[in-house]
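Engineer: I'd like to ask you about the structure that follows.
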Amino acid sequence: MKMKRDFKMLKVEIQQGIAVLRMDNPPVNQLSEHFSGEIAEAITGAFQDAEVKAIVLTGTGKNFIAGADLKEIYRLKEKEPLFRKVKTAADFLNQVELGPKPVIAAINGNALGGGLETALACHYRLASKGVKLGLPEVQVGLIPGTGGTQRLPRLIGLVNALEMITTGNPVTAEKAESRGLVDEVIEPENLVPAAVAAAQRFISREISLNSRRTRFKYNRLPSTGELKAVANSAKATAVTKSKGYIAPVKAIEAMGKGLSFDIEADIDREIHLFCDCALSDVAKNLIGTFLNTRAAGRLPRIEGIQPDKIKKVVMLGGGVMGSGIVHLLLTSGFDTVLWDISQDALQKGMASIRKTFDYPIRKKMLKQTDLESMIEKQLSTTTSLEDAKDADLIIEAVLEDMKVKQEIWKKLDAFCKPETIFATNTSALPITEIASVLTDPGRMIGLHFFNPAQRMQLLEIICAAKTSDETLATSVAFARTIRKTPIVVNDGPGFYLSRQLITLLGGSVYLVADGVDENQIEMAVKDFGMPMGPAELDDLTGIDIGYHVKKTFEQKLGDRYKIHPLTELIYQTGCYGRKTGSGYMDYSGDRPVPNKKVVEVVQKYLRDNGISPKQVSDQEIIDSMLALAINEAALMIEEGVCDRPQDMDLAMIYGAGFPPYRGGILRYADKWGSANVYEKLVELENRYGSRFKPAALIKEMANSGKKFYQD
Amino acid sequence: MREVVIAGYLRTAQSRSRPTDPSKDWFGRMRADELLAKVMPELVKRSGIDAGEIDDFIVGCAQAVGEQVTFGGRFSIFMANFPYTVPAKLVDQQCGSSMAAIHMGFLEIATDNADIVMVGGMENMSRVPMGGATTDSGLAAPNLALFTAPEYRHWEMQTTMSMGLTAQKLLSQTDFTREDMDKWALRSHQLAEKAIQEGFFDGEIMPIEVEQADGSIMTVKRDQAVRGDTTLEALARLKPAFNEGHQITAGNSSPVNAAASAMILMSKEAAHAKGIKPLATIRSIGFAGVNPTIMGVGPVPASKKALRKAGLEVQAIDFWEINEAFCIVALNCIKELGIDPEKANVMGGGTAIGHPMGATGIRLVGTLARVLQEKGGRYGCANACIGGGQGVATVIERTP
């Protein structure tokens with residue numbers, strides 16, 4: 001029977017008995033249901049077509065297959081249809097592996113997730129130089145579901161497979177070849193011819209098809225003894241290292257209980273474990289975060305607006321933030337100018353920029369000579385603002401002083417070209433006020449980077465009152481170019497992220513003042529998944545800084561934000577954290593110990609107010625703090641600071657280390673239920689006062705049963 | 001030279017390996033080093049010594065690649081949880097590996113460089129590729145010049161590397177027939193089955209619990225390849241195992257197997273001091289090189305050397321253990337040395353019991369020592385042919 005040749009997402013070419021199937025499902029050859037169906041139909045057809053003796057499967061563009069369609073998995077809420085769907089895919093790969101004709105994977109681009117699993121079921125694998133191969137499922141709370149946990153160890157050994165599967169980190173084609181995952185690494189232009197040559201070796205029986213079926217590669221299978229030992233040890237590590245994430249443990253279980261001689265039973269078990277993961281809140285949250293990250297910055301407000309092309313960027317200020325931002329500009333290929341007030345400041349700035357490259361150089365991701373040539377070609381320095389006159393974008397990160405900033409912008413406004421975008425990296429000052437000195441305030445926007453700018457994924461983009469849509473569109477495009485996740489919010493004290501984070505952790509003072517043990521709060525918050533507890537973070541960022549931000553909130557946002565008397569007392573100790581040698585903790589010894597001064601202040605406060613130590617559960621602590629944070633998010637939505645729950649959650653995940661597997665504050669709120677949140681807030685308002693007064697939005701949601709997310 | 005005695009011997013059963021379908025191998029999910037690590041401490045316990053008293057541990061393995069790498073023998077020490085003060089080494093003399101380990105231990109003790117030596121042997125031929133599969137998987141990479149360059153042509157590497165072809169070539173140089181070999185194979189299975197039924201091998205096999213392909217736990221305590229019910233007709237029906245028209249079949253060759261074996265050697269004085277009654281005394285050892293394309297003749301010159309060193313004639317040997325890598329090897333050895341066939345492989349040979357290469361040497365000497373004890377003879381000789389063209393032999397004397 002002749003095979004079908006006209007597919008929508010697949011080009012078929014048959015020459016000398018070899019069918020070359022080129023997958024073409026832009027943008028990334030994602031395995032949608034329809035696309036998978038076409039691949040299956042083509043391969044099955046080729047198996048039945050007497051003219052075809054061998055099959056070469058390859059892709060077009062930068063990807064071989066970049067994994068499954070996560071949206072489809074996200075939507076499925078019941079096990080039965082999910083199991084059936086994954087089982088169908090797994091069965092098809094079993095048929096490919098056991099098929100009557102050799103299937104050669106010519107891996108032209110990244111082969112990830114289901115893409116690599118497809119390649120694993122093929123009989124020979126060639127990869128283009130530099131492409132990446134991996135099973136990144138755990139990063140979205142899943143595990144491989146179509147045989148990946150059973151076939152990968154057969155090719156590269158259990159230990160290497162465990163590493164790849166439990167971290168989700170891909171390997172390059174070169175590494176894959178050294179481990180036995182691919183048979184040949186080829187220059188991209190020679191890939192398909194080399195795959196055809198491999199196919200001919202099968203046809204001439206130089207290579208035996210049976211010996212190339214991955215399931216029959218027994219010699220790297222561990223013995224039951226070592227499998228048990230390795231799986232137990234890996235599980236113990238995963239439980240400690242990936243607290244809250246279930247997928248690594250499930251992946252280990254798939255391997256630990258599998259890797260027997262009955263691969264199909266083992267794959268069935270893998271699918272069950274896959275379903276356990278996929279239906280969990282953790283996976284839904286991680287997949288949601290992944291999908292929202294892709295959609296971040298795609299606002300209706302800027303739809304259809306063509307962003308301006310940015311070539312030259314001037315960075316004002318080479319301090320900690322400035323040097324991190326210059327790092328990003330250089331690695332993204334921009335012509336960059338660093339401005340500072342003096343040669344001395346510039347020299348310090350340059351040293352600081354070089355320092356940001358220490359890590360990639362140490363890790364051999366960049367050569368020192370390449371850095372120097374990048375600096376030579378792309379970066380110049382100046383103390384003259386006039387050098388910014390032909391810039392496409394100016395980013396300012398100078399002293400956090402309204403007058404200083406306004407002065408600089410006024411000067412630049414005088415001679416810069418009219419399209420230049422003026423961006424400030426201020427973390428606290430009202431951008432609308434900064435922009436008020438410009439002829440066209442529509443050109444000003446806030447680009448709030450987080451420290452270290454070259455590493456943190458979040459870029460908070462703040463629209464001032466008059467920021468134009470064009471300025472916003474160009475800024476969002478710029479964020480994408482420098483590989484940041486852009487979250488767009490409106491101007492207001494602390495913008496979104498600082499206000500949200502300070503409120504989340506700020507709830508702790510009410511608990512401490514109520515007799516709850518501070519140490520328990522620290523542990524509970526960390527157990528919840530935050531990278532640091534409130535005291536630890538305050539000590540790191542500076543108790544005085546936090547105090548001043550709270551003072552600004554008090555002044556600008558009203559009575560609700562009145563600073564807690566205990567916060568005042570702690571501030572008055574003069575212990576501002578690590579920078580002064582002590583804060584909540586004393587850092588003068590080998591390891592931090594509670595700072596006696598602060599402990600005494602707290603004890604005295606409790607004594608003076610007749611408060612005795614209070615026993616509460618960790619959950620009670622988290623509920624109180626989260627209720628306050630959710631309420632603050634609602635208040636910010638009401639005030640118009642932000643309106644997209646998915647962006648707000650991404651900001652907390654990427655900017656504040658909120659545990660990704662919990663999906664974000666608003667995802668957490670939806671899970672908790674608005675009525676429960678409201679009830680908790682009422683209880684806390686009665687106990688602690690107006691800071692906890694439920695926002696009108698929360699009350700309304702509690703009544704209507706509405707959620708922040710509509711999915 | 002000091003006298004060296006065999007103070008203890010223990011092995012696992014020999015499972016039948018199937019590299020292309022390891023699910024049928026009772027030890028398909030167990031590594032050879034794990035098997036050996038079970039036998040080592042058990043033998044120490046049974047021998048009444050302390051592991052810390054062992055002066056050297058020598059392990060034989062023919063395919064010390066992949067999961068059978070030994071880290072200079074140290075992995076065995078670690079796996080058995082022996083004290084780190086016990087030194088170790090690996091010996092590879094292919095099918096003679098663990099007999100070579102006995103020889104080294106013998107020499108260490110005889111020359112007063114050690115009092116107690118443990119020797120071991122291991123191989124899991126389901127789990128570690130052999131022959132072409134070893135090179136295909138990159139685990140072995142013999143110099144390709146040996147196969148291609150004119151100056152090496154006389155080694156006939158295509159034949160030299162294929163044991164079946166060497167056996168066929170040996171057969172062609174004798175008067176033996178396919179039927180002679182099949183008859184010897186039948187005898188081997190029948191004697192082995194009888195020995196199993198009579199419980200002879202229970203005295204040397206340590207039962208091992210191991211998970212099977214279906215998830216059940218099996219206590220492996222008998223040699224898997226023994227087929228007491230086989231017939232001459234069934235053997236005659238088997239097709240040539242290597243080339244069309246050849247007479248070497250799976251039936252008249254040893255199967256591939258997985259097993260581990262261990263033995264404790266001591267100076268006579270040490271055994272006496274510890275109150276241990278040895279199984280036998282090692283009287284001499286022999287080793288010889290032969291034409292690699294007929295490696296199966298190896299036992300003949302090796303045994304002659306050992307006998308000469310022991311000052312014995314062939315007729316003085318009461319029992320022989322001749323490794324039946326192929327039946328033709330045993331038949332040829334019997335004929336060339338003038339051995340009474342009734343004295344050879346009286347509990348069955350490798351054709352039935354199996355030939356887990358690295359573990360075989362100890363199995364031959366150990367079984368021989370036990371045969372002498374059981375049947376009451378005085379001298380015994382164990383020998384084996386070796387791929388690459390060698391032979392090894394050991395002459396022992398029963399301890400009364």
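Start at 1 and count along the chain as shown; that gives each residue its number.
Cβ coordinates are placed from backbone N, Cα and C, and glycine is handled just like the others.
Any TrEMBL annotation is an automated prediction that lacks curation.
Straight from TrEMBL, here's the annotation block:
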DOMAIN    B:24-269  domain 'Thiolase N-terminal'
ACT_SITE  B:Cys95  active site, acyl-thioester intermediate
DOMAIN    B:277-398  domain 'Thiolase C-terminal'
ACT_SITE  B:His355  active site, proton acceptor
ACT_SITE  B:Cys385  active site, proton acceptor
Engineer: Per 10 Å Cβ neighbour count, which of the active-site residues B:Cys95, B:Cys385 ranks highest?
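Structural biologist: Its Cβ has the most other Cβ atoms within 10 Å: B:Cys385.
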Engineer: Counting only residues 6+ away in sequence within the same chain, which have a CB under 8 Å from the CB of B:His355 (active site, proton acceptor)?
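Structural biologist: Sequence-distant Cβ neighbours: B:Cys95, B:Ser254, B:Pro255, B:Val256, B:Asn257, B:Asn323, B:Glu324, B:Ala325.
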Engineer: Reduced to three states, what secondary structure does DSSP give B:His355 (active site, proton acceptor)?
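Structural biologist: Assignment for B:His355 (active site, proton acceptor) reads coil.
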Engineer: Write out how many residues of the domain 'Thiolase C-terminal' (B:277-398) are helix, how many strand and how many coil, based on DSSP.
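Structural biologist: Reading the DSSP string over the domain 'Thiolase C-terminal' (B:277-398) gives 58 helix, 33 strand, 31 coil.
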Engineer: I'd like to know the mean pLDDT over the domain 'Thiolase C-terminal' (B:277-398).
Structural biologist: 98
Engineer: Does DSSP give B:Cys95 (active site, acyl-thioester intermediate) helix, strand or coil?
Structural biologist: strand
